[in-house]
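Note sheet for the following structure.
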């Protein structure tokens, strides 16, 4: 009977404890201990970063890698995460960083992330990630395929506009020439009509 209350308390604590990550769910090359996933100092980049982590992860360590951004939705898929260690990474604060900036903006505490700074591009170099406005991040975006496509479309429209303007100028010049010729012919016909009676009268005078 004496062990009954202690057994009940132990069972309750076991039920309340967060589930640990099975070894099979621990992504390579990280190491896992309980709900802690340690991927720090593994030389990870955007391309080599694991695409997913155990859903019960409460602490994620990504410190000391070569990460310039995180894939969209990576942290949002971990609702149990209380802390993500992201320091000592060369964060590039452009379009790719928008998801991470949004995730940081939604954290109740920003103090653990105040050492995160932008390394590039030059416009935002040295700025603190948690206090970076989304407009600042988007303004630093390099032109993507859509931007280049829109630019090409604008240039094509500009070229068509210039071509139409050139054709219009040529048409106006042609019309002016035709009008000038018509006026010249009209003046010549008028002169001819005025000189014909004089010639006829002169011929009649000569005959008499």
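Heads up, residue numbers simply count up from 1 along the chain you see.
Using N, Cα and C of the backbone, Cβ positions are placed for all residues, glycine too.
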### Query
Taking 148-172, 173-197 as the choices, which stretch does Swiss-Prot tie to transmembrane segment?
148-172
### Summary
If you count the other CB atoms within 10 A of the CB of residue 66 (N-linked glycosylation site), including all protein chains displayed, you should get 15
### Summary
For residue 195 (phosphothreonine), the closest of the disulfide-bonded residues by C-alpha position, picking from 26, 30, 118, is 118
### Query
Who sits close to residue 93 (disulfide bond): which same-chain residues at least 6 apart have their Cβ under 8 Å from its Cβ?
101, 118, 120, 121, 124, 127, 129, 132, 136, 137, 140
### Task
Fill in the CA-CA distance, residue 95 (disulfide bond) to residue 66 (N-linked glycosylation site), as an integer in Å.
18
